[in-house]
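Trainee: Got a structure for you, written out below as structure tokens; questions coming shortly.
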Amino acid sequence: MAPLRVVITGGAGQIAYSLIPLIARGLVFGPDVKVDLRLLDIPPAANALAGVAMEVQDSLFSTALEGVLATTNEVEAFTGAQVAILLGGFPRRPGMERWDLIGKNAGIMKRMGELLETYASPNCKVVVVANPAQTNCYILSIYAPSLPRKNITSLSRLDHDRMIGMLLHEANSRLISDSAADGSECVRRLTAADVRGACIWGNHSNSQVPDVSAVEFFVDGRWVPIESVIPDRTWLGLSNSLPGGGNIGVGPEESLVEAVRKRGAAVLAARKLSSAMSAANAIAEHLSDWLSPEKSGHSPAVSMGVTTDGNPFGVSEGIFSSLPVRCTIGGDWNYDEGFSMTDDVRRHLEASVVELEEEKATALKMLEKAEAAAGSVAGLVPRPSL
Ligand code: LMR
């Protein structure tokens, strides 16, 4: 079988540095799928990119890598790409919100869309990581109009995994301290496979809606509701004690919801660099659930930034939003209609959708301005569904 051609933009960056070994060891597209990797970066990063290529060679990866091309030539990188992992973009610096990146990254995404449209495989599968990720998907969809919209996704798996990680931390602490109090000898630590029903709704921003209302843990051989392990409804964001019925993001102590929303900024403040290892891991999970023959069709519901066109959750159409989906065999996905939204989640999701619509309007304005400045007569050609 011909190798899978995968392009990574921002190939010399931090996330790519953590992601390449996962791909090369067969942990993303499956152990039996050979990958022809194209690492793209901008000319000022050419030396760093060459260094990454040297390290790939020195790592003796033999499982899944068929070949690696490190290049600053966009056409060479995108030609025939069957998967595009878009990491490249202006990065968030400490003190900046992801929103601040719209203007800086809209032009880059326009170019990526044009490259996908002209040079990539017509069925190329795309994951956008560069922020603002969902709005970047929207820009791609305009400039790569032939690409099926369902093929364009953004990463919200990092938020999803952050939430699961925090839930596991809290659940295991409680189970361990309960078993110590009972005098039980040991307790089995829960892992990610022992959690189901979590979802991130909305934007990859401070307005995102981490939702644990349907979460269950697998404890002592059966699935039990989240509150039987973590009864703190306020921390979980499930309390109905406040006017309006819910406390997402409100409360004297940082709730789980606030902690998930701010995790990217917290890592950025601590490392002076954005999350990279955890982002790479989340990309690997996103892609393997979606595309690997071993996992696609067998994974539980996951959070993915996807088109809202035709969604069953009542989210307005014409944007991209994190929603619960189930990946199906052969690289497709469907909305997970089994997820029902509480009134509280719906109310918060509406605010996040308003933000996504504002981001979209801002990005369009900036692109129009740039096109006018460049003297373009083509203008934007939004799709009929918008
Ligand atoms: C993250 O969530 O860590 C990334 O999107 C980087 C950022 O700007 O927060």
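Numbers run from 1 along the shown chain.
In case you wondered, yes, glycine gets a Cβ from its N, Cα and C as well.
TrEMBL does not curate its annotations; it predicts them automatically.
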Trainee: Checking feature assignment: coiled coil per TrEMBL, candidates 66-93, 178-205, 262-289, 346-373. Which range matches?
Mentor: 346-373
Trainee: Quick one: which of Asn47, Asn105, Asn151, Asn172 does TrEMBL put in the NAD(+) site with Asp41, Val129, Ala130, Asn131?
Mentor: Asn105
Trainee: What does the structure give for the C-alpha distance between Asn131 (substrate binding site) and His204 (active site, proton acceptor)? Integer Å is fine.
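Mentor: Rounded to the nearest whole number, the Cα-Cα distance is 8 Å.
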Trainee: Determine which residues of the chain contact the coiled coil (346-373) at the Cβ level, with the cut-off under 8 Å and only residues 6 or more beyond its ends counted.
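Mentor: Non-local partners: 99, 102-103, 106-107, 110, 132, 134-135, 138-139, 201-203, 205, 207-209, 244, 246, 248-249, 314-316, 318-321, 379-380.
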Trainee: For the domain 'Lactate/malate dehydrogenase N-terminal' (5-152), what does DSSP give as the number of helix, strand and coil residues?
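Mentor: Counts, helix then strand then coil: 68 helix, 27 strand, 53 coil.
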Trainee: Considering only the binding-site residues Arg92, Arg98, Arg162, which possess a Cβ situated under 6 angstroms from at least one atom of ligand 1?
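Mentor: Correct list: Arg92, Arg98.
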